[in-house]
Structure formats: C-alpha cells, structure tokens
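Undergrad: One structure, as structure tokens, below. Some questions next.
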Amino acid sequence: MCTITAVRCSREVEGASLHISVDCRSTTNSSQDKAGAGGGAAPVQTNPAAPFIVRFTFRCYNSNSYNFYSQWPYHCCKRQSLPLQPSDYVTMADPMDSANYEVANSPNKTGAAPVGAFDEANKAAARLIKPNAILYTSALLSWLQPFQSGWSTSQMNLSQYNDTDQCNARPMAEGTCLMFPGHSKLEWTFAVNAWIFGAMVGSLCCGHFSDKYGRKKTLMGNCIFMIVGGIVQTVVSNVWLFSVGRLIAGLASGTATATIGSYVNELSPPHMRNTLGLGLQIFTTIGILFPAIAFFFANTSSGWRYLAAFPVVLGAAYLLLAPTMCVESPAWLLTQGRTEEAKQVIARLYGEQHVQTALSWLEVAKKPENAEEGFAAPAKESMFNPRYRLQLLTGILLSCSQQLSGINAVFYYSGSIFSDAGISDSRVGTLVIDFINIWPAFFTGVLANRFGARNMILWGLSGMVIMSIGMTVAFVVDVSALSIVFTALYVIVFGVTLGPLVWVMTADIFPDSIRASASSLCIGINWLCNLIVGVSYPYVSDALNDYAYVPFVVLLAIFYLLALKMVPETSGKSAEEIQAEYDSRREQ
C-alpha cells in the first residue's frame, strides 16, 4: 500500500513548495488511507522496488501563514496521477491546471523537479494560441518609447548644427552652427552625452518602480519625462539648459529600454518572444532614421526645435491611449498575488480557453501580505542571490558586447567614410547607414526561431570581428569603396544579431521575480558602455587613425569566447526551463 505520510509547506527550496513524502509497501488492501493535510491516497498493488502510481486528492491549505500555490499543473480538489519512487520528495510548481497531469519521477530529495509546468503538451498548446488584438496594441504603444530613444540618438546629428570650425569662426557664416551659435566643443559634447548619462540613470533606477507599481504604470509615468524633456529642449535659449532637457529625455530613454523588454516578454507566448521582442530594436532604429530624413527639411535656425518637440507628441499619445489599449503584465500581477486580475488579463490576451495554458509558462511568486486566499508568496528575491549569479553575469556580458562592439563608432565615422568616397553631403551618408540599420531586425525573428538566439549571438560576434578587420584593412589601403562595403556589412550583421537579440535575451534569462531589477542593472551597464564609447572614441580615433577599430576587434573576440561559455539557448523556453539550465550549470 502506498500512503502519503506527510504533506507540508516547505522553505527548503526557492519559494513555497509542497513536499509529499511517500511510504511504500506491497499490499492488496482496498481501503483508502488518509494522511496529512493534503488528502488521501488510494492503495495500489505494487512492488516496493518499482515505480508506482499514487492517486490522491489535494486540498489547498494554509501552513505557517504561507498559502501553498502549485507550480506543476494540478487543480485543487482534482484527482492527479503522479509516478513516484519510494521515499521520493515531489515539488509541485507553477499555475493551476484543471486537466489530469502525469509528473515524471522526481530524481532527488531537494525538491527540484526534472521538468516544469511548461511540458511538451503545454508547448504544443501554446503554439496554437493566436493572441488577441490587445496584445499587439499593448506592444505597439509601448514601442513609441524606444522610438523616442532612437529619435533622441539622432536628433543632433546634422553637421550644420555643430561644425567645430564653423562654430569657432568669427564672424560665423550664415547657415552654419545653427544650434546655439558660437557654442564650444565642450558644451556640445556635454549636451550630446547628457542624454546618455540620463539614460544610464533612468535604466538603473526604473527596476524598483517597475517592481512596485507595475510595468504599465511605470511606462505611463515615464511619459512625463518624455514630455518635460521635449518641452525644455524646445523652449530654452542656451546650450546648458538644452543639456538639462537632454538629461530628462535620457531618463525616459533609459527607463523605456530597461522596462519594455520585460513588459513585452511577459505579454508574449514563449514561441513569439523572439519575434515580438524585436520591436524594441526595430522602433529604436526607425526613430534613428526619421530625424535623418527630417534633416533635409529642418536645416534652419529653428528647425531643430521642431525635432526636439516631437517626443512630446509620443508621450502624450501613450498617456491618451494606454489606459484602454494596453494591459498590465500578467506575470507582474502574479508576483503581487493578484491572481484573479492576472487571469482576467490573460483571458483578454489569449482568450478564456487558454488561461490555464498561459499560466503553465508563467512563473509564480507572490507577496505574502497581499496574496489572495489559497496562494503562496515567497519572500522577495534578490538578483544578487548566488542562484542568479550566472544569469546576471550573462546579462552584463550581453549588454557590454552590444555597446563595446563599436557600432556607435561606426555611426560616428560614417560621415567621413562617405565623404572620402565622394559624397560631400553628410546627410546622405547618415541616411544610408540609418536606412541599412533598420531592415536586418525584421529577419531576426525567423532566423532566431530557426537557428536559436544563442547561435545568432555567436555568429554576430564572429561576423563583426571579420567586418572590423575588413574595415581596418580598407582604411589602411585607402580604398573608399571597400570601406563602404565593410561598413554596410558590419551594420547589417549587428542589426540582425546583437542589435535586437541582446534586448530579447536580457529579458529571457531572468525569472519573473527578478526580471525588472536585473534587466534594469544590465541595461544601465549597457548605457554606461554607450557613454564610454561616445566620450572616448573621438580621442581613440585621433590617436590610432586608420587602426581605430583594432580595439573593437580585440573586444569582440573576447566577447565571443565568453559568450560561447556563458550564453544559453532561450528560444521557445519558459523561464522555469531557462532557470533549470542555469541551476544545472551552477552545480557543475
């Protein structure tokens, strides 16, 4: 006879877990034993040395103020079949599922399960889900904010706004140094990099607010920075106050890039995350392109003010439309114990019939004091927990590799490359590179689903090493046409790999409980690397001349070797599966 001898809530593993201790002995007794708070087990004929089936009815209960919540599919008061080995400990994990479910044998006594809720059956069911329009409107409206980030990146890149020789000339020629005539190189450098510094601060600080108030409210609050930053830049009369506006706009850009990856990730079914996650990069690159087009019409003493004001429109549009056309992240609602609200959101996203399937891929962790009756809440986790150390290092590696790849240096240098090729109008060179930068990301989703995000990252790093060497050779031998070819290929390789996938994978590798704070730190480091390149590259270029890309060749090679060791495959996997892989790596 097999009897459940203990059912208890345990803190021995991450989160609140159900441990079932099973006592086995061979019998033909047909009576049903009752044991523990969890329910009864029907007796079965069994060989004590062989696997057997325990059928039991589980009743939700409360123990030590922790309401238990399962993480392997089951439904309270529904009969389940669990193949068990004698004396095994079984941990239930992830949202409720009304269907009967067979769990594989538990291989250890630590409570760690060999597979999670998101099994092959649920994966197949998830792939059949056709999301409702609210998912796409939520994602689309959120992408207005990285559009602002791209816009702010590019809005000052017209040479007529800042040409050192023209701005230093006395008297200045008409139609030159259009922004704050007579400004110094230091003032201009400060104005450009104030935005990057603000973005770094915004990305580092937003994780707390995203965890406390939710992704949607954080993005709505972020619109205030977009609007205020745009207004300040538009109305000021000197470059220092303009820099303050850039700083405020940077806070908005950093918050957007650190929050939207998590937000869209948590709205998307696992099989669509690679595709929908690309929106952040695509809209950033579109935002970079539009000012390059506007430069052909805004090359006047007042034209730059219209460019500075446009983010006000973006922020106002989100504030106006988001209350009705966007939903809160269901994963965040679950972490707050607001389970019924999460189910309502999931129903809006995927339909009532897919609620249980969606819950199977969402990781659940809730606050005890706010948890609804019948559900558990583990203590607040820290991203610095040793369990997540490898993820954090991976996220930092991805962020550093994206910005220290030299992509911003390529954009910085593109004007002179095209000038050497006989194209004197810098606007044309800027427009060509910005246009090339957009299209690769549209193919990333298909390629990542086909070959895997990890392989794409590795191919991107190795490809950029080759292109960097090619650019260096082209500069040394002074073949302008070859420089343009390698520059274009460099941008394409980046645009299809590191550019979009770093945002996707940074959100993928962290569990829901720490995703916002960990992504915030990683994206903050991303912006720090951006700042380092922006400030240092002009001096590196002056010192090394034609060999200015050699440092990036070395860095890219190092990043490739580290990524080969540290970056896992995340495509199509649930947070639980990714965490299981990191746990396995940590134990090795």
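The backbone N, Cα and C atoms fix where each Cβ goes, glycine too.
Whatever TrEMBL says is automated annotation, not expert-curated.
Note that the structure is a prediction, hence the values are computed from the model and not measured.
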Undergrad: Which one of 38-59, 346-367, 390-411 shows up in TrEMBL as transmembrane segment?
TA: 390-411
Undergrad: What range among 127-149, 219-241 does TrEMBL describe as transmembrane segment?
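TA: Going through 127-149, 219-241 one by one, TrEMBL flags 219-241 as transmembrane segment.
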Undergrad: Which sequence-distant residues neighbour the transmembrane segment (483-506)? Criterion: at least 6 residues beyond either end, Cβ under 8 Å.
TA: 257, 261, 265, 273-274, 277-278, 280-282, 285, 395, 398-399, 401-402, 405, 407, 410, 414, 417-418, 420-421, 433, 436-441, 443-444, 447-448, 453, 456-457, 459-461, 463-464, 467-468, 470-471, 474-475, 519, 522-523, 526, 567, 570
Undergrad: Sequence gap of 6 or more, Cβ distance under 8 Å, 3 or more pairs: do the transmembrane segment (390-411) and the transmembrane segment (247-264) meet that?
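TA: Contact between the transmembrane segment (390-411) and the transmembrane segment (247-264): absent.
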Undergrad: So what pLDDT does the domain 'Major facilitator superfamily (MFS) profile' (138-571) average out to?
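TA: Mean model confidence (pLDDT) across the domain 'Major facilitator superfamily (MFS) profile' (138-571) is 88.
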